[in-house]
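Record features, source TrEMBL:
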- A:25-44: transmembrane segment (TRANSMEM)
- A:50-73: transmembrane segment (TRANSMEM)
- A:94-113: transmembrane segment (TRANSMEM)
- A:148-168: transmembrane segment (TRANSMEM)
- A:180-201: transmembrane segment (TRANSMEM)
- A:235-256: transmembrane segment (TRANSMEM)
- A:297-318: transmembrane segment (TRANSMEM)
- A:330-350: transmembrane segment (TRANSMEM)
- A:362-379: transmembrane segment (TRANSMEM)
- A:399-417: transmembrane segment (TRANSMEM)
- A:443-471: domain '4Fe-4S ferredoxin-type' (DOMAIN)
- A:474-503: domain '4Fe-4S ferredoxin-type' (DOMAIN)
C-alpha cells in the first residue's frame, strides 16, 4: 500500500502542496541568503563584503525563523510529525537525495579541496567564499578566515537557526527546551566564540574547543598541539590538564550520574547539529537487527583504531631517556597497558554476568589492543611504528575517521542514513561513554508498567536506531550503550510509557515475561523464575 | 506434535503464540486474512498522518516468525468443523488443528443507518479501512469534508487523522458531552473544548439519520436526525463502537452470544477450543469489567494466561487492577483503578477533580465516600506511574494517602512543571468547604 498523498512525478509538488504562503516567502528569503553565498563562491566582487555577509546570514536566519513560526505557532502545542514520511526531503525522496549529494560534495571540497572555496595559499589573500568571511573573522580575531572558520560559522548558524525551529516544535516540552538551549549555548560559546577569543589573548595556543574531549578530539595529543600547550606557559598547561581531567575524571562522573546524554545530546557539537538541523531526518535511522550488528562492529573497531593511533602518536614523540623527561616510551606504554587492564579486570569482576556472550568479545578486543601495543613497543624504531612511518597512522585516522566518516558520511548522509550515523556507527567517544552507560550508570529509560501499545512511535523517532518498542512492549527498561538520551521517544509516546531517569543501579535492567496488570500469581511465577 | 491453530494475528493471538513457543515445542499456526504479519492496530492512524510507514507498525521483523517456528497462514476462515477439527477457508483449502484459539478481534458497529454501505463510508479498524480512507480522503481537494459518527476513542482518532491533512471534519456525538459515558463531566467537557480548539466541528447530542448517495453510489451528504440539517461530505467515518468479529462461527457448534462465550479459563463450550481478546465474552463479568473487553491490554493478558493453560499449566484469567490509556489529540489520558462517569457511578463513589488553568491538564480521583478508600484516578496531561498506582490499589490506600504521595507516582519527563502541591491544596480546600 502506498501512503503517499499523490503519485505525481513532480519534484516540488509533494512538499509545496502543504506549505502556506508565509512559508513560501520564508523559503524564498532563505534561498536568497544561500544564493549570496553561492555568488561569493563564484568570486562575485561584492562592494561591501561585511554588509553582504550580514545580509546573507541574516536572510538564512530570517528564513528559518519565519518558516518555523508559520509551521508551529499556528498550531496548538503537541507532537508535530504530520507528513514526515510523505515529504520528499525527510523520506529519502528526490529532494532528500539531492540534499544528501549537495552536503556530501560540500564536505569533500571542504576537507580536501579548500582552494575551491577560495582559500588563499602561499600567503595569497583569500578569495571566493572564504574571502567573503574575512570581515567577520577580522572582527572576531583579527586574522583572515580559513575554511574551518567558514565551516564553523555555517555550523553555528545551522545549530542556532534550526535550534530555534526545534524549540518551537517542542515548546510544550521543558526537557527538549533546556537540552536544545544547552547545545545552542555550547556551540556558540565553546566551539565558536571562545576559541576565537583565546586566539586573541594568546595566538600561540592551539585551537581548543574546551568541550571537545578525546577521543572525539583526536588531535589534542598530537605533537604540535601538546607542544603548543606546553610552550604557552600556565594557561597552556592548565588547558592540557583540563583536557586530561575531562577524559579521566569529569566524563566518568557525569556519565555515572546522568548517562552519556550529558555529553551527546546536551553539549557535543556533532550531537548539537544532529539534534537541530538533523531533527527532520531522525526517523531514517535503521532499526533492523542487521544494522545493530554492523553498528557494534564498526564503532568498536573505530574505538580500537583511535586508541592505538593516539598511543602510537604520543609514543612517537616521546624519548627513551629518563633524563630528558620522566615520561619515556616504556613508562607510557606501561601506563596505558596498566589502565586498560584495570578497566578490563574491573568490568570482568563486577559485570561478568551482565555481559554474557559479549564477555568473550570484550576479552578478544582487550587482547588485540594489548598485543598491538606490545608489538609496537618491541618492533618500533625512532621513526617507524608497525613498520610504517610514525605519522602515517595518524594521517590515516584523520583522513578516514576524522574527515570521511564523521564529516562526509556522518553529516553529508543525514537525509539518507539519519542524523546520527556518525554518532551511532563511528564516534569513539560515544563508544566509551556508551560502554560506561551500559555498565556503570544510573541512567535508564523507564518503561511504565504494562501501558505500551506497541505503536512504534518511539522506535520510529529514535535517531540512534534503537528498537525502543522491543523493550517497552516487554515492560523492560531501556539500558543501551548507544542511547544519547535525546528524549524524543518519551515525547512522542502517545500513552506516557517512557521516562528518562537517573535512579539507583539496582533493578535497572528488568526483563519481564508477563507485564504489569495481569494475574499477580502468573507474574510472580514467570517473572521471578 | 500438537498443532495449535490461532485465528487472528492481533495482539492476543501473537502474544499467545510467543508464550506457547517460549514454553513448548508445539506446532503453531497463526491465521489472518487481514495482513501477512502482525502489526499494531493502534498505530494505523499514524500511517495516515505520515508519522510512520506501515512497516514501522510491525513490532517484529519479518524473519522473527520463521526463526521462532510460528507458521503464518493468510486466508479467511469461512467455517469451523469442530467434529473433524478442520478449518475451511474462503479460498477453498483446509487446515487440521488439535487445539483452536479464536482471536479474531472486533469489527466496527453499523446500526442499520440508510446508506451505511455506500462508497466512502468506512470504519477505522482494519488495515483495509485505512486503505479505503487513503482512497476516498487523500487530501482536502478530493475530500472536501468528512463526517464522523460516534464519539469514542476511534472517532476522535479518526478526526485527528483527517485534521492532519487539513480536511474539515464534522464530528457527530450522540451524548451531550464527548465520551461522558466513561469520563466524569469535568474531563469530558475539557476534551470538548480541546476538540473545538483544533477546529473540529463537534456536534453534541446529535445523531445520524441517513447517509445520502450521489448518482454513482458514493457519499454525497449526511442528514442529522434532530435538525434535519444536510451536511455535504465525501467521507463518513462510522466509529460507534465495535463488536466481536465472529460471524464465521454462527453455523458452528461453538456457543456464542455477542462474542464467543468463555469461562474463566478462556475455554468455550467445546473441548480444545478457546477464545481470547476482543472476541471473547465472559459468562459473567469479572469485577467491574465488562464481559467483552475490547482493549489492547486485556487481549495481551488473555494471551499470556492461555499460553500457560495450553502448555499444561492450567490457569484462570484473573486480570489485576484495571488500567487503560488513550490520547485525545494532544492530551494524553491514563487511568488506574475505577473512576466512573457521573452517569454510571455508584452512590458511594465520590470524586475530587482538579483542572489546570491552561485547560489541558486535569485529574479526577475516585474514592469511597464512607471509608475514604482510594478507588481510582483519571489523569489528563500528566503522566503517572502504573506500578505505583497498582501497588496503592493492592494496598487499599485511602484517598488522603494517595493525595499526599502523588509526587511519587509522577511520570512526566524531567524538568516538567509539577502540580502536586497545587493539587493537594485544592484537595484540602475542597474538604474544608464540605
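Cβ atoms are placed via backbone N, Cα and C, with glycine included.
Assigned with DSSP, the residues of the domain '4Fe-4S ferredoxin-type' (A:474-503) fall into helix, strand and coil as follows: 5 helix, 6 strand, 19 coil.
Fewer than three CB pairs closer than 8 A are found between the transmembrane segment (A:50-73) and the transmembrane segment (A:297-318), and contact between the two stretches is not assigned (pairs 6 or more residues apart). The average pLDDT the prediction assigns to the domain '4Fe-4S ferredoxin-type' (A:474-503) is 96. Contact between the transmembrane segment (A:399-417) and the transmembrane segment (A:330-350) does not hold: fewer than three of their C-beta pairs are under 8 Å, each pair 6 or more apart in sequence. When DSSP labels each residue, the domain '4Fe-4S ferredoxin-type' (A:443-471) comes out as 9 helix, 5 strand, 15 coil, counted as helix, strand and coil in that order.
If one looks beyond the transmembrane segment (A:180-201) by at least 6 residues along the same chain, the residues whose Cβ comes under 8 Å of a Cβ in the stretch are 140-143, 152-153, 155-156, 159-160, 163, 166-167, 170, 207-212, 265-269, 271-272, 275-276. Panel annotation: around the transmembrane segment (A:362-379), residues 300, 304, 307-308, 311-312, 315, 329-330, 333, 336-337, 340-341, 344, 347-348, 355, 385-387 of the same chain, lying at least six beyond its termini, place a Cβ under 8 Å from a Cβ of the stretch. Cβ atoms under 8 Å from those of the transmembrane segment (A:297-318) belong to residues 214-215, 218, 221-223, 226, 325, 327-329, 332-333, 336, 365, 368-369, 372-373, 376-377, 380, 383, 385-386, 390-391, 393-394, 396-397, 401, 405, 424-428, 430-432, 434 of the same chain, restricted to positions at least 6 beyond its ends. Long-range Cβ contacts of the transmembrane segment (A:235-256) within its own chain (Cβ-Cβ under 8 Å, at least 6 residues beyond either end) map to 202, 204-205, 208, 210, 213-214, 217, 220, 226, 228-229, 262-263, 432-433, 436-437, 440-442. Proximity of distant same-chain residues to the transmembrane segment (A:148-168), defined by a Cβ-Cβ separation under 8 Å and at least 6 residues beyond the stretch ends, is recorded for 57, 60-61, 64-65, 67-69, 71-73, 110, 117, 129-130, 133, 136-137, 176-177, 180-181, 183-184, 187-188, 191-192, 207, 269, 272-273, 275-277, 279.
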